[in-house]
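Participant: This is the feature table in Swiss-Prot:
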BINDING   CYS38, HIS63, GLU64  Zn(2+) 1 binding site
ACT_SITE  THR40  active site, charge relay system
ACT_SITE  HIS43  active site, charge relay system
BINDING   CYS93, CYS96, CYS99, CYS107  Zn(2+) 2 binding site
BINDING   ILE175, ASP195, ARG200, LEU262, GLY263, ILE264, ILE286, TYR287  NAD(+) binding site
Amino acid sequence: MKSLAKLKAEPGIWLTRTEKPKLGHNDLLIKIKKTAICGTDIHIYNWDEWAQKTVPTPMVVGHEYAGEVVGIGQEVKGFTLGDRVSGEGHITCGHCRNCRGGRTHLCRNTVGVGVNRAGSFAEYLVIPAYNAFKLPDEISDDLASIFDPFGNAVHTALSFDLVGEDVLITGAGPIGIMAAAVAKHVGARHVVITDINEYRLDLARKMGATRAVDVSKESLKDVMTDLGMTEGFDVGMEMSGVPMAFTSMLESMNNGGKIAMLGIPGSDMAIDWSQVIFKGLTIKGIYGREMFETWYKMASLIQSGLDLTPIITHHYNIDDFQQGFDMMRSGQSGKVILDWT
């Protein structure tokens, strides 16, 4: 089958042919229709330090997808041939304390689709049926293919009560932008998002952010004054992994504020703990999506009118994958979709 794989331990990704994956007793075989390029895929493409330590070669990569069930393992119940599905990219062990305690997303033995095992940038993917999510008819393949990062946004945004609250999001990547859209949709008052990438800040405006702030040109304090905010933000979402952004967030939070952190700093990051302690801040680390509460929330948000279509900015046929990766790496895009049909 045709696939995109990390064939060599060097920058790049290659269109190649690999064997069709074998179906296990508890698995689904999925014919891939659409895939989306993730920031993780860019790390793997660039072959940075994280990728070198984490990703085996050769291996088919990718973990954001939508497809159709074309094979069902003999022990699987609840799926039929032709079902449209996306799927959870974190495969969990099922036997550790967190898995058995219903906190599956915190499994200590997680294996990543397209990171530690064969991924979805291929004509076919095999995953455990437990990880598949059946798609409602009104959710398009395009939208379903970005459910993985949308889930990161939803998990982060819904970690704390947002109704009537003022929200600060640092980092206007696709996940940060989708988190802004979720926050407005569920009833936040002001949603302010910061970055230095004007293309993506403009996308955030289209997705409903109250203010999208280029912090290289505009002061966050001035924006708060313009919005009539006198006490700081109630909820923060750190999506950038940039130490300066987190420092700014700590300074801008109201006493008793709550921060959800998804962005991963590139190295050790100094924190002014006096801000955390004297303001009584709560900081929560976010990893992946809650299985599968986040997935049902995602579908419900779209069914209730949340419009994510502006975040999908580019489409390419899989044969033109290099253009898609170049576009993602440029920073001048939202989500980039690769078509396998």
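Yeah, the Cβs are placed from backbone N, Cα and C, and that goes for glycine too.
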Participant: Near HIS63 (Zn(2+) 1 binding site), which recorded positions out of THR40, CYS99, CYS107, ILE175, LEU262, GLY263 have their CA within 10 Å?
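Facilitator: Neighbours among recorded positions, in sequence order: THR40.
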Participant: At the Cα level, what's the spacing in Å between LEU262 (NAD(+) binding site) and THR40 (active site, charge relay system), rounded?
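Facilitator: Cα to Cα, LEU262 (NAD(+) binding site) and THR40 (active site, charge relay system) are separated by 13 Å.
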Participant: Spatially, which candidate from the binding-site residues CYS93, CYS96, CYS107, ILE175, ILE264 is nearest to CYS38 (Zn(2+) 1 binding site), comparing Cα atoms?
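Facilitator: If we rank CYS93, CYS96, CYS107, ILE175, ILE264 by Cα distance to CYS38 (Zn(2+) 1 binding site), first place goes to ILE175.
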Participant: Write out, in the order they occur in the sequence, the residues of the chain not among CYS93, CYS96, CYS99, CYS107 that have a C-beta within 8 Å of the mean position of the C-beta atoms of the recorded Zn(2+) 2 site.
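Facilitator: Other same-chain residues with Cβ inside the cutoff are THR92, GLY94, HIS95, ARG97, ASN98, ARG100, THR104, ARG108, ASN109, THR110.
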Participant: List only the single closest residue to CYS99 (Zn(2+) 2 binding site), chosen from the recorded positions THR40, ILE264, ILE286 by CA-CA distance.
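Facilitator: In terms of Cα distance, CYS99 (Zn(2+) 2 binding site) lies closest to ILE286.
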Participant: Write out the long-range same-chain contacts of ILE264 (NAD(+) binding site), meaning residues 6 or more apart in sequence whose Cβ is under 8 Å from its Cβ.
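Facilitator: Same-chain residues close to ILE264 (NAD(+) binding site) (Cβ under 8 Å, separated by 6 or more) are GLY241.
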Participant: Nearest of the recorded positions to GLY263 (NAD(+) binding site) by CA-CA distance, picking from HIS43, GLU64, CYS93, CYS107?
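Facilitator: Closest by Cα distance to GLY263 (NAD(+) binding site) among the recorded positions HIS43, GLU64, CYS93, CYS107: HIS43.
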